[in-house]
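Here is what Swiss-Prot records for this protein:
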- 2: Ni(2+) binding site (BINDING)
- 73, 76, 90, 93: Zn(2+) binding site (BINDING)
């Protein structure tokens, strides 16, 4: 279950950023998940709750957004978007000579904090 490892790394980054900004608590986190990242969102949600325990992010609200796959089609020389991992054909020319440009990871997009007074 690589979701646990991803969450552990995300919490490290979240804690680091929260401390740099003088946070006493992280209240919400927005993560973007790539369409081809092979991340199961329900597992990610469960693991995130576990790794947040006894951190500044404990009890925070997790918002997940599924990113579409951005690809380059070598057949028609177009930048295209794939909507699901099951469809690996260019929506423009139906070619299968695609290179994934962006979408295979997980990114911390935003976080809300309560600052110390």
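Quick reminder: no glycine exception, Cβ is built from N, Cα and C everywhere.
Features as recorded by Swiss-Prot, highlighted on the structure.
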residue : record              : Cβ contacts under 8 Å, 6 or more apart
2       : Ni(2+) binding site : 38, 39
73      : Zn(2+) binding site : 79, 80, 90, 92, 93, 95, 97, 98
76      : Zn(2+) binding site : 90, 92, 93, 95
Self-check item: binding-site residues (90, 93), the one with most neighbouring Cβ atoms at 10 Å
Solution: 90
